[in-house]
Amino acid sequence: MLTKFETKSNRVKGLSFHPKRQWILASLHSGVVQLWDYRMGTLIDRFDEHDGPVRGVHFHRSQPLFVSGGDDYKIKVWNYKLRRCLFTLLGHLDYIRTVQFHSEYPWIVSASDDQTIRIWNWQSRTCISVLTGHNHYVMCAGFHLKDDLVVSASLDQTVRVWDISGLRKKTVAPGGEDMLRLPQMNADLFGGGDAVVKYVLEGHDRGVNWAAFHPSLPLIVSGADDRQVKLWRMNDTKAWEVDTLRGHVNNVSCVMFHARQDIIVSNSEDKSIRVWDMAKRTGVQTFRREHDRFWILAAHPEVNLLAAGHDAGMIVFKLERERPAFATHATILYYIKERHLRTYDFQSQRETTLFSLRRQVTPGFNQGPRTMSYNPADNAVLITSDAEGGSYELYVIPKDHRGDPAPESKRGLGACAVFLARNRFATLDKASNSILIKNLANEVTKRCSSPCPTTDAIFYAGTGNLLCRSDDKVVLFDVQQRSTIAELSTPFIKYCVWSSDMSHVALLSKHAIIIADKRLGNSCTVHETIRVKSAAWDDNGVLIYTTLNHIKYCLANGDSGIIRTLDVPVYITKVFGNSIFCLDRDGKNVQLQVDTTEYMFKLALLQRKFDQVLAMIRNSALCGQSIIAYLQHKGFPEVALHFVKDERTRFNLAIECGNIEVALQSAQELDDKDTWHRLGIEALRQGNHQIVEFSYQKTKNFERLSFLYLITGNVEKLGKMLKIAEMRNDIMGRFHNALYLGDVRARIRILEEAGQIALAYATAATHGLSEEAERLSDGLEDPPELDPKARLLLPPPPILKEDNWPLLTVSKGFFENLVATGKEPEADGEIEELDMGEGVGAGWGDDLNLEAAEDGEVDGDEAEEGDEEAEEGEGGWEMEDLELPPELSQPQAVAGADSVFVAPTPGLPASQRWIQKCNLAAELAAAGDFPAAMRLLNRQLGIVSFGPLQPYLLDLYTGSHAALPTLPGVPTLAAALDRNWSSSESSKSPTAPALVYDLSLLTERLNAMYKSVTAGKFTEGLRQTNVMLHMIALTVVDTRREVDDLKELLNIVKEYNIAIRTELARKEVRDNPARSAELAAYFTHAKLHPRDRALGLNSAMGIFWKAKNFATCATFARRLLELNVPQALGQKARQVLQACERTPTDALDINYDPRNPFDLCSLTFTPIYRGNPYVECPFSGARFQPSCKGKVSPVGDIAKIGMDASGLACLPGQSR
């Protein structure tokens, strides 16, 4: 059995697969109908209108409908798109067992404990026929897929086949509707004549629980309480028993024919599912559950899937693997289809059958070919299967061999078998944990021990090398040298795919792909939410892989994306350009055409082949936010500029890549305040004061303009700003500008006008303006005393006035050149001259106007005429020599010459490298990628409330960085602290951030918590447990042993958290003696330190003694004496025990059974006894009552109860 999906719920009584979508309906004993997506493993919807158990449910074949029937005697028809019940059909007088839609007509058949079968028209919403004849409960009824027949099973020990052709004729015939309007009273009582019994099948000794038709043959199968499965055959005149299948040891609940194989599947209350061979009529497989009885089976009408419902939920499963075994060499595909070895030529697309395999395969037993390995040197194939616990067959294909008979095969036992060299292959012997090297005569030539103690599979890894899979890693093993070359931590690997040049390998697990080089280095991991099925490398080194419903790509650096969707799963065999060759599950070759533009674009960008990037931009329809976001994320915003027509996005990209020219163009188009403000900030960062000035003018930001003129030494424009402030009647603006200008008289005048006579006097007196000071002192009653040490407040005079910062001459990048010139560079490395044509630089030479300025003035020296005259001739350039200041006469860099200074490209910051290499939440938080860390915590631990974790996430980030002091007045330097830094490898690139939380810190916290609890400081103890829980979620360890220590610590902290909260809850209900006693008793069952357990038992003993519950009090005294307690406490316990044994009674009735093991729900503080349903906190593992599902767990206050999560991942390289 290959389990594809499993749920945990109340008892499942009814199941139905959707015929097209990956959905399944499950009706529960609790009255709920659940709709699941079994491929994604998610609950889509739930329908809860029935009162009592729902025993039958069925999807309509084409309409968005399903029908359900329950113990409330109601049949409900639902529309799952509208998510509601459309109508209810009433008529049955007892429990409804099964319901089913007809495949063609608008009919529903239902079976009921009222001993009748009813057929309903769901369009007219009426009962059109009642089938009576059974004299006990009718357990099931179902339509035949093609014929006008109904089969039913009853506890009257019979199976009946009903002919409903009369009903069809009456319904389909003209006037049929009028006939249906006749009074139904007699039909309700005695059954109508339009459905008659054709056969009554008697043979079971007890009640029959299920009967079903074969989809195409005239066969019926039934299962009953006599523990037998019977096979029946019928013709036009009679039906008879063919055989009886025995093996179940309890009532057979359900039985059916497999839709695609000659097998029968049954399940039973003996907790097993059995598979029977129809030809041999013997059992071939049995699957058992430990505690759960099976009740219902369902088969998918088109796909090889089965589902079974049991006491604790349901499972969706397959009986055998459907992946065809295949191997590819050059342009030939070798594969197995219908027990024949075939070849397929990718170029001519021609199939050829070589020979049939000799081995017979038992249906439903999962013994078919599993893998294939091809040896081109000897034209041989190795085929492995799971038969006999793992076996292989070696065929040497003769030249020009076509058809039967098959060549003689060499067989042997081995878990895996792969070719290793020209005439050698390797097999794995699990029993001795050794690798056997054999020749083509199947003789052992060498034996070596496996590199891992638990190797369970081997894969080819180049001549003489093997990849050995063990637990959570793969090891590259050199068979000749018997040495380990490299190893890599991975999830459980299922398949291994090498690139054509053997430079890269893709390791495929169930939900992840790991790409590494030939020495298992430079690995990256791609995670998938649904199962990965196959993969192949294309000629460009891109991995193309399939999931259940997509074809995707993955580059060597881990970038991935979707190429197209799939209707059915396929297995990629070869990739040629835009063509992908696949095998489907029937072994049929399929060729798919795909658009490779997206991943070829990303590949060219990764390889920095900008000419190809440009060609793709111009010639393909690449567009969309995903491509733009990808380019931004990868540090190519200048490339993204070529995709963007929207000015807002274009402006944002230009700001990001520092392209001031493009940003200015977009800002002029947008012309809003925020855009100009951002442009000003970026221009100021680059030292382009002209654009800063223009931006501030556009936003009328006069304060920033004044400060800009101050720092650039533009005194003239500061004076203009002073005039503007006067016109705007801006007192503070006037004062600031006067202060920047050093104009003392203007400042005195402004202060005087503002009524600040004392300040005006102090300013005049300090700056030596005695006349002004005397005049102002006359208006003051008490002139202020001046500090003799006062200093003059004057700005420094500007020495040199510059418009913009001087810039280095650098060669423009490929795309910057394209932006500037609009055309491609003609040759690699050639640097374009600046285009100084018409319109270029317009608006830059003139002074930018201010509101207060009447006429613009031109700054700078005027050009003087040169000594040399212009050359004579027609239309020549007038080139003049300029007299430049001597300080500017040093040699200048010429664009395109050898002296060009190319600015070094900045490397990736350490935090970015950490994000690329790390896969643990704590490491991502330390690197600053908080969203990724939170997503990981949600997926792994079910954490939904991140408020309590915020200080710890910030501590991780600040703890992984340090600030280094520099010169006075210069900002500090930020340094990233790497966990693996070594002075001997100081130039090594960052690998992982230093972390502030480790096991030693948690151990200290644990000891402090022990002291608080022992001292009775429960509130402090609870706070400390919550702190430790938050730290544990963000702790990283280095070894497997430390992983176990951390999980043990988590369990200890969880127990203390629940125990402390129980004690605090007890103190809140002291007025309720019974409830207080219950909580005291629950506290004693927490797994605490023996010292704290003794304190809890002593406290409970005292509480129950006072409550006169002597019988229960005696149990606490006995448990206390079992511990090594001090003598005084032991003496007290013995005295209490003696007194309690005299009167072993309980005065209070409480919900506590000391002999029945239980877990405590720490939300409701009620016991969950063994065998009762529960839900868990995905982080701490604390258990809760089912009603608590969806709430935030109080154990840590961060995780969602009942949420599916992969579990704690705390070891680098560990992937869940």
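Cβ from N, Cα, C; glycine included.
The structure displayed is predicted, hence computed values, not measured ones.
Between the stretches 352-371, 772-791, TrEMBL puts its region 'Disordered' entry on 772-791. Residues 136-137, 139-140, 142, 144-145, 149, 151-161, 248-257, 259, 264, 266, 268, 270, 276, 278, 281 of the same chain, all 6+ positions outside the repeat 'WD' (201-242), place their C-beta atoms under 8 angstroms from a C-beta of that stretch. DSSP labels the residues of the repeat 'WD' (131-165) in these numbers: 1 helix, 20 strand, 14 coil. Listed by sequence, the residues of this chain that lie at least six past the ends of the repeat 'WD' (131-165) yet keep a Cβ under 8 A from its Cβ atoms are 94-95, 97-98, 100, 102-103, 107, 109-113, 115-119, 190-191, 194-202, 204-213, 215-216, 220, 222, 224-225, 232, 234, 239. Residues of the same chain lying 6 or more positions beyond the ends of the region 'Disordered' (772-791) and with a Cβ under 8 Å from any Cβ of it are 745, 748, 752, 757-758, 760-762, 764-766.
Note on the repeat 'WD' (5-46): residues 52-59, 61, 66, 68, 70, 78, 80, 83, 98, 295-302, 305, 307-316, 529-530, 548-549, 1173, 1204 of its chain, located 6 or more positions outside it, place their CB under 8 angstroms from a CB of the stretch. With DSSP states grouped into helix (H, G, I), strand (E, B) and coil, the repeat 'WD' (245-286) comes out at 0 helix, 25 strand, 17 coil.
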